[in-house]
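Below is one structure, written out as structure tokens, with a few remarks after it.
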Amino acid sequence: MCAAQRSAAALAAAAPRTVYAFSARPLAGGEPFNLSSLRGKVLLIENVASLUGTTVRDYTQMNDLQRRLGPRGLVVLGFPCNQFGHQENAKNEEILNCLKYVRPGGGFEPNFMLFEKCEVNGEKAHPLFAFLREVLPTPSDDATALMTDPKFITWSPVCRNDVSWNFEKFLVGPDGVPVRRYSRRFLTIDIEPDIETLLSQGASA
């Protein structure tokens with residue numbers, strides 16, 4: 001366990017094991033948004049980038065899930081991050097136009113909440129992602145997923161539970177507890193059965 005992991009573990013042990021302890025500033029600006037306001041919702045959290053090879057696929061699938069399952073209690077949350085191949089190098093105020101006119105383009109507008117750019121690995125990692133990585137150290141579909149190309153590692157320290165690329169996914173249950181982590185190779189749309197299971201649990205609670 002690296003020093004950052006030990007620190008995160010100590011923090012996690014001292015705090016509730018839910019995402020409700022965290023907040024983030026919306027991409028549109030304004031006051032920090034408290035995730036505690038989403039109690040009872042199923043959350044799908046992804047680190048996103050507007051210039052990635054899977055931007056079109058993942059953004060449109062995130063929109064699709066939010067459109068169809070949002071009325072039943074799903075909330076999709078996107079966190080732009082520039083740590084992987086510098087593929088989110090736009091300023092916060094430029095990201096929506098990049099999505100609208102470049103990728104996915106064609107007037108695309110996300111129907112889910114986007115937050116300001118943040119880091120997900122290293123000393124400056126957003127506390128939410130430090131927490132998610134500690135609770136779910138590896139993707140369930142690929143426990144060996146790692147960033148293996150040194151030229152793309154721009155953060156320090158490097159930890160075994162680091163996010164390895166854009167569009168890793170974290171699924172959180174209606175009680176705020178992280179349930180499952182998926183690699184970048186796992187299609188966003190294929191998380192739907194797991195989301196359905198959690199939505200059913202929430203409805204019967």
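In case you wondered, yes, glycine gets a Cβ from its N, Cα and C as well.
From LYS100, LYS117, the position flagged in Swiss-Prot as glycation site is LYS117.
Ranking the recorded positions LYS100, LYS117, LYS151 by other CB atoms within 10 A of the CB puts LYS151 at the bottom.
Reported as a whole number, the C-alpha separation between LYS91 (N6-succinyllysine) and LYS169 (site 'Not glycated') equals 23 Å.
The Cα of SER37 (phosphoserine) lies closest to that of SER200, out of the recorded positions UNK52, LYS100, LYS124, LYS151, SER200.
Each of the recorded positions LYS41, LYS91, LYS124, LYS169 was scored by the number of other CB atoms within 10 A of its CB, and the lowest score belongs to LYS91.
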